[in-house]
Amino acid sequence: MANILHIDSSPRGDRSISRKLSYEFITSWKDTHPGDTVTYRDLGHNPVPHVDEPWIAAAFSSPESHTPELKTAIELSDTLIDEFLAADRLVFGVPMYNLNIPSTFKAYIDQIVRAGKTFTVDANGYKGLVDSSKKVLIITSRGGSYPPGTPYAAYDYQEPYLRAILGFMGLTDVTFIHAESLNMGEDAREKSLAGAKDAIAQAVANW
């Protein structure tokens, strides 16, 4: 029995492709793994705050020294980190905005990437503290296409960043399913969506 953390980051509702696809995966997964539990967070409709000065002061000082203001500033981060660490598997629905991730998802990442919690640093450099056995599935939606080996690959700041920041915390078992070319004509859109749905079915069977 596994605990899955499912996060959507699109502010769009029923029109969101990443939401529809992440929901399709979770629904199919629950059908075939009825004993698993799913914790859901909707960052698109319920965003977490960006880090601010009190947050930074709290993150880089001992809890024993925290004033009531600092305790309040870091409380949500502690909750999000506990939730993140408690999950055996992570499923993220992430649209591409301006070649990267939505600011809602970046704010979430900034809340959970914390020294002493999800990474540490010593004389040898940085080391992730998150259990590397956790699996991550990231389902994206993209208007364009950024195939490796083409000039357009340089525009993809979404997948490389997510692989880097997850790896920074210790997570290396990361799978991407891209629904792309969504703004490149109906034929390209339908072909890509069909491919993404096939990949989701494969992930349900093999992930």
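Cβ atoms here come from the backbone N, Cα and C positions, even for glycine.
Copied over from Swiss-Prot:
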type	residues	note
BINDING	S10, S16, I17, S18, M96, Y97, N98, L99, S141, R142, G143, G144	FMN binding site
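Known features from Swiss-Prot, placed on the structure.
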| residue | record | Cβ contacts under 8 Å, 6 or more apart |
| --- | --- | --- |
| S10 | FMN binding site | S16, S18, R19, G44, G93, V94, P95, P102, S141 |
| I17 | FMN binding site | P95, S141, A179, L182, L193 |
| M96 | FMN binding site | T140, S141, R142, G143, Q158 |
| N98 | FMN binding site | none |
Item to check | Candidate with sparsest Cβ neighbourhood (10 Å radius) among S141, G143, the listed binding-site residues | outcome: G143
Checklist outcome for this item: Span of the recorded FMN site, as the biggest CA-CA distance among S10, S16, I17, S18, M96, Y97, N98, L99, S141, R142, G143, G144 in Å, is 17
Checklist entry - Which state, by DSSP, holds S141 (FMN binding site): helix, strand or coil? => result strand
